[in-house]
């Protein structure tokens, strides 16, 4: 496959061991399908209409289609699907999903395998529109034709030489040799020079390349871009760039996700992400619009203790009893009164004025270090006063952002903080984690460098992101 890398049509070639590259390709295809689905709906066209508008006679190359979509038909070529599926069946299932959704929007899949696919993977075959069977190691597995006996006999007669195979009608097939000849001399062009010669004759260069997240991005650049390109939504913050946003800022829509759970192993950058969120809040809102409550049981250097802004920090706490007091006061004296009292009639509820005041952003670093329920002396879990209010967060202007060490993955769902945040349907940010763990049915966790993460939104859509480095760390 590497021999065709120089062709102007080829965006990139990714090794089966390059998990990031595979994820990047699939994320790009998912984003393209999603954008075309919306664009086709708005323009009331299908794929044929899209092709006609963009490439038909007299077209300017856009033809009223989405100018941000710079592609025509896109082909994802996968060599040895069996091998990839055996490495990671979650990725294999995503490829099956791509083969189902993609063709309607001009995204096609071309796959090779060492033999006919069986079991759960066989659903891939149901989505293909053309099949080629070359010489099989076991001719009895032939699936061409309508008669199994005739099919097996034809498969046995297939020459045991590269490129020979069977058609659906059991006729002999021979695949053409992928070679280019010089028209002047008739000599074959060296395979490594084919791409260069085609580009020269056609007068084109590479149309696109696979973009990957950089190793580092400063939060300042993200915030400056957001300020220069406002989204129109007054309730979003951006603290990271993402693969599905053309490596641009990823807006966290606080109406849809009033908070965020950040999960990862030690040293993955969870605290840095929390500080970046705090700086993004201060950049987006005034002190009259947003107040920060910072909970920092470890008081880590370059963490929440260094996050400050004139008039923004309502409270900072690190002692367990002090943390509980700060959270309880916020919950009972500020947030609870924003909910309607019990026993009101429909008319009284309609007559209620909406709550007034600022939004409250509670940033908690290292949830696992907060004190659990204590029997002697009797003490409730630290911060329990906030739990049930998180389920009503959208109604009362509450936004809870937490980090948690994910070393004990199996026990995380039992954490009450996580249970109530999950109930509130907030997004999750999975940083460096054990790839053996599943985030959802289609996606596994990944081993990632510091700052990198998988953002899972409230619709379970997954995007690879890179967290911006906050000002407290930008000069290091």
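Using the three backbone atoms N, Cα and C, a Cβ is placed for every residue, glycine included.
Since the structure is predicted, the reported quantities are computational estimates derived from the model, not experimental observations.
Per TrEMBL, the feature ATP binding site maps to 264, 265, 266, 267, 268, 269, 270, 271. DSSP assigns residue 269 (ATP binding site) to coil in the three-state reduction, outside any helix or strand. In sequence order, 431, 432, 450, 451, 452, 453, 467 are the residues of the chain that are 6 or more apart from residue 269 (ATP binding site) and have a CB within less than 8 Å of its CB.
Taken from TrEMBL, the feature domain 'FtsK' applies to 1-143 (among others).
Per TrEMBL, the feature domain 'FtsK' maps to 247-437 (among others).
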For residue 270 (ATP binding site), list the number of other Cβ atoms lying within 10 Å of its Cβ atom.
28
Among all protein chains shown, how many Cβ atoms are found within 10 Å of the Cβ of residue 267 (ATP binding site), not counting that one?
10
Remaining residues near the recorded ATP site, that is with C-beta within 8 Å of the centroid of the site residues 264, 265, 266, 267, 268, 269, 270, 271:
403, 405, 431, 432, 450
Can you tell me how many other Cβ atoms are located within 10 Å of the Cβ belonging to residue 271 (ATP binding site)?
21
